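Visitor: Take this structure first; my questions come after.
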Amino acid sequence: MSAAMDTESTYSGYSHYSGHSKKAHRQGRDRHKSPRSKDGSRSEKSVTIQTPPAEPLLGNDASRAEEGQDDNWGETTTAITGTSEHSISQEDIARISKDLEDSVGLDCKRYLGLTVAAVLGLLVFLTPIAFILLPQLLWRDDLEPCGTVCEGLFISVAFKLLILLIGTWALFFRQPKADLPRVFVFRALLLVLIFLFVFSYWLFYGVRILDSKDTNYQGIVQYAVSLVDALLFIHYLAIVLLELRQLQPMFTVKVVRSTDGESRYYSLGHLSIQRAALVVLENYYRDFSVYNPALLTASKSRAAKHMAGLKVYNVDGPGNNASGQSRAMIAAAARRRDSSHNELYYEEADHERRVRKRRARLVVAVEEAFTHIKRLQAEEQQKAPGEMMDPREAAQAIFPSMARALQKYLRTTRQQQYHSMESILQHLSFCITNNMTPKAFLERYLNPGPTLQYDRDRWFSKQWTLVSEEAVTSGLQDGVVFVLKCLDFSLVVNVKKIPFIKLSEEFIDPKSHKFVLRLQSETSV
C-alpha cells in the first residue's frame, strides 16, 4: 500500500513542471502529422487480408488516440492536445466503410466455406456406415450369413475410419490464421474430388445394391471397405498438395518496408500469391523491428525548416518578371543544400551523445533499484512476516527510483508510445518473479524488438490489403511484385527464382601431394 502511494506521489510530482507545455504542444502537433495516402492511377487488383479478430480501422485509430494520452506517463508537462495521429478525409472515411463491408463479406464467405466442408466431411464418415447398415435394416432376412472374413472386415472398417478421423482432424481442423481474399485452389479441388467420389459410390450403391437387394452381405461390406481405402488415399493426396509441395524452396522474396527501407529475405516454395503474402506477414511480425513513425519526423521537419528559411525579396518592384525570383530561389536552395550535410552530421552526433548519456543514467538507476530487492527463503519468511511483499508490490516499490531515467530515455529514443506505465510495471514484476538481472529487464527498452513483443493495441498494422497485377490465386513466378498495404505503410515484395545450380566433381589423387624443398644460398636452412 505504501509502495503504491509512493508511485502515485512520484508521478504527481512530475506534473508540476508545466514550463514546457507550449513547446510540447507544438512538438506534438508537428510530430503527429502524416501524409495522406493516395491511390495509384494504374490498374491494379486489390484484395484484403484480414487477421482475426477483425477490427474496424476507425476503432483502431480511436483507441490509439486514447492510448497516446495515457502513454505520456511521468511527463514534465500538463498540456493536453486534441491532435490525432492521422488526418482522415472524406475519401478515407469512404474507404474505411468499404473495408468494413468487405470484411463482412469475408466473414460470410469463411463461414460458408466451413459449413460446406463440415457437411461434406460428415457425409464422408457416415457413408461407409450407411453402406453396411442399410441392408440390415431393409432386407435383413434375405441376406446371406456373415462369416469370419466378413466380421474381420468390420474391424478393418472401424480402425480405418478412426485413422481417417484423426488424420482429418490434424490436417483440416485448425485455428485459421487469417482471412484470405480468395479460396485456396487446392483445398477447393480436394472438396470437389471428394464430393464426386462419394456421389459416384452412392450412385453405384443405389443402382447395383439397393435396387437389386443384393444378398451377398460380405460383398457389400467389402464395397464399404474399398470406399474407406480410397478416402485414405485422398487424404494422403491432400497432405502432398497442402503440406509437402510447398516445403522445397524455389523462390527468394525480398520484403522492403516503404517508410524506412528495412528489408528481409525469405525462401518460399510453390505457393500462390495470397499464401505467399500470408507467409510474409507472419515473418514480418517476428523479424521486422516495430514500426515507429516518430523516427521519420526528423528528416521531414529538417527539410521543412530548410525550405521555410528561404526568403526572396523583390527589390526592383512588383513589375519585375517572376523568373528572377525563381532563379534566386533555386540558387539559395543550392547553397543551403551544400551546407545541410553539416547540420545533419552535428544533429545525429548530438542525438547519439544524448542517447548514450541517458542510457548510462538508466542502467545505473536500474542497477541501484534492483539492489534493494532480496528474495526471502522459506525459513526467512517466518522471521519477518510484516516486511514481505509480492512481486507486484516490490515492483511498485522500486519503480519510482528508475522512472524518471527510463522516461527520459524512452522520450529521447522516441519509444514512449509503446510502453505505458502499466506495461513497464508488469514487465518489472515478471523480472522480479523469475530472478532476472537488471540487464535482462532493460533488454526490452534498450533494443527495440519486433512487433510481437508489444501489446496488440500498440500495433500500427492489423488489417492489410494485397495489391497485385497478377491474380492472387496464381503461383509465384520470377519477377512478380506485389504490395501489402496497411494504413501507415506498405511492404513491397519482389520475387526472384532460385537459380539452377550445376555442380561438377574433380578427383584429386592423394598420392599427388608431393613437395620438394628448394634451397637457396641466402636462406638460413
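Glycine is no exception: its Cβ is also placed from the backbone N, Cα and C atoms.
Reproduced below are the annotations present in TrEMBL:
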type     : residues : note
COMPBIAS : 19-35    : compositional bias 'Basic residues'
COMPBIAS : 36-45    : compositional bias 'Basic and acidic residues'
COMPBIAS : 74-86    : compositional bias 'Polar residues'
REGION   : 1-86     : region 'Disordered'
TRANSMEM : 111-133  : transmembrane segment
TRANSMEM : 153-172  : transmembrane segment
TRANSMEM : 184-204  : transmembrane segment
TRANSMEM : 224-244  : transmembrane segment
Visitor: List, by number or range, the same-chain residues at least 6 past the transmembrane segment (184-204) whose CB is under 8 A from its CB atoms?
Guide: 116-117, 120, 123-124, 127, 227, 230-231, 234, 237-238, 241-242, 272, 275, 473
Visitor: Using a Cβ cut-off of under 8 Å, list the residues of the same chain at least 6 residues beyond the transmembrane segment (153-172) that approach it.
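Guide: Sequence-remote neighbours of the transmembrane segment (153-172) are 117, 121, 125, 128-129, 132, 218, 221-222, 224-225, 228-229, 231-232, 235, 238-239, 242-243.
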Visitor: For the transmembrane segment (224-244), could you work out the same-chain residues 6 or more beyond its ends whose Cβ comes under 8 Å from its Cβ atoms?
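Guide: Long-range Cβ neighbours of the transmembrane segment (224-244): 124, 127-128, 131-132, 153, 156-157, 160-161, 163-164, 167-168, 171, 186-187, 190, 193-194, 197, 201.
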